[in-house]
Amino acid sequence: MSSTALHDAQNGPDNIARPRAVKPGNPMVLRAMSEEGAIKANPTLETPHTDGSSGRSTPLPPDAPPSVQSISSARKHVRAQVKHRLFPTIEYTPRVSHFDPKSEYTNFRGFFVLFWIGLAIMVLTTMLRNIKDTGYPLRVQVWALLTENTWQLALSDIAMVVSTGLSLPLQSLISRSNGWLRWKKAGMPIQSLFQLAWLGLWVNWPFMLNWTWTAQVFFTLHTIVFLMKMHSYAFYNGHLNNTQNRLSALDHPETASTAAAVRYPSSTTPLSKIDREREEQEERNEKESLTQLRIDLALELTSPLGRVTYPENLTLRNYADYILCPTLCYELEYPRTEKTQWMELFWKTLAVFGCIFLLTITSEEFIVPVLHESAIRLEGAQCMMDKGLVFAESISMLLFPFMVTFLLVFLVIFEYVLGAFAEITCFADRHFYSDWWNSCDWLEFSREWNIPVHHFLRRHVYGATRPHVSRNMATFITFMISAFGHELVLGCITKKLRGYGFLAQMLQLPFVAIQRTKFVRGRTLFNNVCFWISMILGPAMICALYVLL
């Protein structure tokens, strides 16, 4: 009796045999399969629909407009295509990987995050090792060097920066002079002698006070930076003084020069354009009309944005603003942002101190001990073979620490320090570096890794010498002056003049000539590998040469 009742309950009142009810499946899977038409709705398990409806869409009335009929037809066509699919469709199309040379993908920010995580791991493991060995998380040798001469360094740096301001009253006197003090007469020699005496004083200043090498490297680099800023300010205003005198002389055209206006190269003028403008200027010397010449001279005296004209720029406020702006090339006016982003300034300032901390850890743990141990081993070496092995081993142990140091120095200067001063002054042009890591030769690297210095050398060295010498000679002079600057910094740090830095800098020119031959030119991957090998090997070798030999 009970089995009969159970059989009737399962089959229903119409006595039709039905399968046993099963456990319902995963609702998410069922919904996905239902949307693709892989399963059909069971009318016994769904809510009954009204007559004339399929349960999935409302039937169209016979008088439906054509637009509605088109949409309905498209929906039915799509449903028919996916009716029998059991899995989601994967679309395959011709594509390249992100690291493929032909890929247009450029967002690799994750590697930047990975770099900082790796440095954090390095700091953590170093602190744990120091706690195990000494009982303290950090060593104090380099930290002690950083805290010495602090007040002397601060006061001397302020005095050095303020002393560059002597160029302002000198330029004011030159702009008002109608006699021997004009720029093209005595003005430029006076400014040049002042800069030479200024450089000699401040380069020798740390030696006279017997500072540590950490204070000396900061002060020497800062001195060279402000020498370039002072030179750009003085010589660009001197050029404007010559231009103003020529424009005033055209009031009496019978005795004035009618040569074409000299356009001072801007910081962004390409080298090829400097050469082309020089040739075009020579062609215009006799073709240019007097009216057009006046216009050209007046435009040269006016800022690119048209709000400042020489000599209205010769004010203390303008000079102080230029000193704070993150640029080495003076202009009458710069593009500005609307306001300072204070949170951005805070994070960049915090990053500066974080990078200094990481630089100190790297030198304290991985550079100074290697150099100290290698110096002791070199003193005990008996033959040249032993000394060569010690020297080679010390270089190999310095490769990775110096690579990390180079990357940290790059970040702290070009991303955080210059970025912070750009926020303070609302300086809008923040293109301080380009993708130098993709460089294929040293000329490309010099253009892209330090754009402010490249702009200065192109404008005030190459652009100044190009009218008098050939293009190759102008390039050679530019590299030679840059090499002297590098040798000066290395000599001040190590208190040795060996010439290794100068030689390494000048050797870049023959390497560039080789890389631009028809056998090597165009081999992007090979040239980039050569660049990185020399970039990793160079700093470690230079340091070992100056310190150990």
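We number each residue from 1, going along the chain as drawn.
Cβ atoms are placed via backbone N, Cα and C, with glycine included.
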Request  = From the ranges 193-210, 211-228, grab the one TrEMBL calls transmembrane segment.
outcome  = 211-228
Note = Close in space but at least six residues away in sequence, with Cβ under 8 Å from that of His486 (active site), the same-chain residues are Gly501, Phe502, Gln505
Request  = Determine which recorded stretch among 111-131, 211-228, 345-363, 394-414 has the most C-beta pairs below 8 angstroms with the transmembrane segment (525-548).
outcome  = 394-414
